[in-house]
């Protein structure tokens, strides 16, 4: 791991907590793992309250299955929120597949520290979109993160507690697929800060909506409010005539929302222009304001903001 992952030790030194007890309770091996003693954990919890105190809304982005475009939806929601005049942050806790830095063309900058903790990476000069991801901490971008649950939990705890987000209107938390250690770690570390709810991403097929049903059960068991369901890859938009063809089945997300009593936020079609923007790290919302996908994402963003403000 890069020195950035280990720089939190220096942060503890600033707080006067770099003591013999912590040295004994700190273990570094493999890709890098921090195991905290109770004293250090207390400092983290206190720091978490401070660093999240100016964050108005926290929204989890969940999916039951991989490959449904959850990170793409997270990125486009962030860009749409920024275009609506909001200050946005993205916490990327998809530790094994951190793709958002590439989607936002953030590169691999060094992660710096301030008195409050890690400084997030800003993707624009106005500092209206902040990002923290394990992708910034890897020495080799092709290196696999082969970690068991405790390692992931420890790093997520650091991400939640030690990132100095400053003033944000919305913090989007991009999670890995499923209902695993990462999800529980996020909720556990955010328990002292209000989580507004979760946005669930699915594709139209029954095999995807079936997994999202389990995600809905997870939300109910953990007390997370479901802000709505987004159906991604809902039809294909022709780049020449803009006609939408339903390559996959259609309406699975909307049917699931009706079945479970959830809000259906909208459908996002397959769009080659969106795919190209993601590959090149360009702002799709700025580049293609007349596309059907732009209208879909903007509508979803407006509905989400209304739900957050109600």
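Keep in mind that glycine also has a Cβ here, set from the backbone N, Cα and C atoms.
What you are looking at is a predicted structure, and each value in this text was computed from that prediction instead of being measured.
According to TrEMBL:
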type: BINDING; residues: 64, 65, 66, 67, 68, 69, 70, 71; note: ATP binding site
type: BINDING; residues: 238, 241; note: [4Fe-4S] cluster binding site
Margin query: What does the structure give for the C-alpha distance between residue 69 (ATP binding site) and residue 238 ([4Fe-4S] cluster binding site)? Integer Å is fine.
Written below: 19
Checklist line | ATP site, defined by 64, 65, 66, 67, 68, 69, 70, 71: further same-chain residues with Cβ within 8 Å of the Cβ centre | finding: 63, 177, 201, 203, 208, 232
Item checked: Tertiary neighbours of residue 66 (ATP binding site) (same chain, Cβ under 8 Å, six or more apart) -> 97, 176, 177
Notebook entry, point to check: What's the CA to CA span in angstrom from residue 65 (ATP binding site) over to residue 241 ([4Fe-4S] cluster binding site)?
Noted result: 32
Margin query: Using CB atoms and a 10 A radius, I'd like the single residue among the binding-site residues 68, 238, 241 with the highest neighbour count.
Written below: 68
Note to self: I'd like the number of other C-beta atoms within 10 A of the C-beta of residue 67 (ATP binding site), please.
What the structure shows: 10
